[in-house]
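Undergrad: According to TrEMBL, the record shows the following:
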type	residues	note
ACT_SITE	A:GLU152	active site, proton donor/acceptor
BINDING	A:GLU77, A:HIS106, A:GLU152	Zn(2+) binding site
DOMAIN	A:11-156	domain 'VOC'
2 protein chains.
Amino acid sequence: MPRTADTASFKFNHTMIRIKDPEASLKFYTEVLGMDLITKNVKSDFTLYFLAFDNGDGDQPEEVRAKTRFTREGILELTHNHGTESDPDFKGYASGNAEPGRGFGHIAISVDDIDKACERFEKLGVQFKKRPNEGTMKHIAFILDPDGYWVEIVPGSLNV
Amino acid sequence: MPRTADTASFKFNHTMIRIKDPEASLKFYTEVLGMDLITKNVKSDFTLYFLAFDNGDGDQPEEVRAKTRFTREGILELTHNHGTESDPDFKGYASGNAEPGRGFGHIAISVDDIDKACERFEKLGVQFKKRPNEGTMKHIAFILDPDGYWVEIVPGSLNV
């Protein structure tokens, strides 16, 4: 239904997850999945990385694109608390899919051709939680990001 | 940068979180935040609810809108494992922001007028984690959804 005036401007802008190692995570989200690093915000103790799939604004200067980080949907915010990447005592983050810490489930990327996408992931050495031909949900896959968060790969044409 | 052909069709389609009680969560996400229930998928043990902010397609028949759930960005998927809402032994889900289970951080809604939005949330009895005038980040707020997940409220015009 059309929204009331109270919420007319609201957008589901971003989802934030914590990451251990920005080098590994940026490689995964930009090179494997093809997101752009829209902008980053470096603080003394932590850095925030804002990523999104290019919606045709890839040729714009970074300062223009950076302003879209709170005005569009589909942004992924990665929070890196400095030092976790080299701390031998850091135990890693919870994926949200097992106890303790069950709650968050996954993020999902929709793709045109899931078989082709998964073949490419295999070649790139991506870790799978579930391949399309495994389990009962034959039409989707789950891959793991560098922290072990689940990333669902789902065909845009899926209609179940 | 423009994407390669390999990832040209990829979209950040949805984020999934588990919920204890669909009645409470649907009320929060549709009435308080103004999202639409795009479609739901009822299975024997669980139900999936797909929500998103209306992008101008609110007048389309539900079966047309339902097909957008894997083709657009900004979808929120709520997973309800049947029975949790009335199970006295169910301990609730982890927000991701405290041990054990730290990892997931929050989802974020961008709004035109954060003061007006927060005044309305107060009137509706929404629980705040941080009001705009609290803490060091004066420009944003965090509210809590019925499961205790953090929902950031951020002005679309923010440029920090």
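Glycine is no exception: its Cβ is also placed from the backbone N, Cα and C atoms.
Any TrEMBL annotation is an automated prediction that lacks curation.
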Undergrad: So what pLDDT does the domain 'VOC' (A:11-156) average out to?
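TA: PLDDT averaged over the stretch: 94.
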Undergrad: So, by DSSP, how many helix, strand and coil residues make up the domain 'VOC' (A:11-156)?
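TA: Grouping H, G, I as helix and E, B as strand yields 33 helix, 52 strand, 61 coil.
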Undergrad: Mind giving me a neighbour count for A:GLU152 (active site, proton donor/acceptor)? Other Cβ atoms within 10 Å of its Cβ, every protein chain shown.
TA: 21
Undergrad: Please report how many Å separate the Cα atom of A:HIS106 (Zn(2+) binding site) from that of the residue listed as 'active site, proton donor/acceptor', as a whole number.
TA: 7
Undergrad: Roughly how many angstrom lie between the C-alpha atoms of the residue listed as 'active site, proton donor/acceptor' and A:GLU77 (Zn(2+) binding site)?
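TA: Spelling it out, the Cα of the residue listed as 'active site, proton donor/acceptor' and the Cα of A:GLU77 (Zn(2+) binding site) are 17 Å apart.
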